[in-house]
Ligand code: HEM
């Protein structure tokens, strides 16, 4: 090769390298790969892209919702319509919107591996969940679930919140294995944290329809997971794809639910530790608490905050005084009354729950309001309260719900079973 040809080849090489590096994009981060910045032990969450908490959330002057200006759509990376209909949600397993805001949070608290993740891999561990799981065995599965959820929630809107909560209570004890549905003496369902759980009839109805179409194929745990997603969509939240293949557990014990399921009087440390025991993180705790943007609490759960707070104070003074007055009137005599968890937009699945905590001090449960006063979680609350038509919250909620749905799932031929009736384990002959 003569010198001028060598030079030409050399130049071409340099150009190729710079073109390919200009198009290089880092692979999507997994949680484990996320960089823990130097500030990590200050527990400060920063949006990955901006490096600061959005102005609306850090501002101390609260602008009432009606006066808040909705910024133009161009300011958003993801401009999802607020109104959703089913047609818009027919995403394929390949079309997962969850990727788009990957890394809104920078994880800044140390991640502890729970015992669950630390365990040795078993022979069943290679059976993972998949969005194709029912592709052949029950292709109508999601269609049936979403149709039934639509039908029931259409008749009674409060069922959307009930179904979402049911899935959480299921996953909170023994993982997402439908143990909450087993209906026998001493089962989780009979424990005090389950006292006001509702929506069991919806799951039974879905299951009996599925047993007609594809008998013994679809687990109750998968039904609960899909129904929680569809209920969220019915309440105005966004769709996310769900992976399937959970098996149903054989055990359900009220004592476990009594000792594990949080009831609203815990400290943030307790909640963080509980979520970590499920393999979930601090951001999941805060984001998933945003489910309290819909639904109600019984007066019984909050009466102690209003009348019997401590030895010296009858009222929890962290509650907005006007709101406390309203709650006292509503809950003084009737323990069987219910109060909306989100006082501003109780039936709309939006981020107003977080705005309430910051600007109105109207967190109904003490565990709600504490999320803003505790420095480990307050910046996450601020980020989720961002005035972006709930988009930040929606994106994070999808991710955290997927994390919740993966908690200690039973998969593979040697674990659990597919129940014929969600209320009972299959007869052993
Ligand atoms: C972080 C810890 C949590 C605590 C301490 C907590 C506590 C509570 C309490 C005390 C109630 C009212 C029960 C009653 O008196 O009737 C409630 C309701 C509710 N919870 Fe939670 N919860 C937590 C997390 C979650 C999660 C992760 C979800 C879902 C992803 C969720 C969804 C709901 C919903 C939707 C309702 C309203 C249910 C209805 O209207 O029927 N909660 N929660």
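Using N, Cα and C of the backbone, Cβ positions are placed for all residues, glycine too.
Same-site candidate for Ca(2+) 1 binding, as annotated by TrEMBL with 170, 173, 175, 177, 179, chosen from 185, 188: 188.
Annotated Ca(2+) 2-binding residues in TrEMBL are 342, 345, 350, and among 293, 386, 392 the one listed with them is 293. Note on TrEMBL: of 51-99, 100-148, the range annotated with the feature region 'Disordered' is 51-99. Closest by Cα distance to residue 342 (Ca(2+) 2 binding site), from the recorded positions 169, 171, 299, 422, is 299. In this structure, the recorded positions that sit close to ligand 1, with a C-beta under 6 angstroms from any of its atoms, are 165, 262, chosen from 165, 171, 262, 299, 331, 342. Reported as a whole number, the C-alpha separation between residue 171 (disulfide bond) and residue 165 (site 'Transition state stabilizer') equals 10 Å. When the alpha carbons of residue 350 (Ca(2+) 2 binding site) and residue 169 (active site, proton acceptor) are compared, the span between them is 22 angstrom. Sequence-distant neighbours of residue 165 (site 'Transition state stabilizer') (same chain, six or more apart, CB under 8 Å from its CB) are 197, 199, 291, 295, listed in sequence order. One way to see the shell of the Ca(2+) 2 site is to take the Cβ centroid of 293, 342, 345, 350; the remaining same-chain residues with a Cβ within 8 Å of it are 294, 344, 346, 347, 348, 349, 351, 352, 353.
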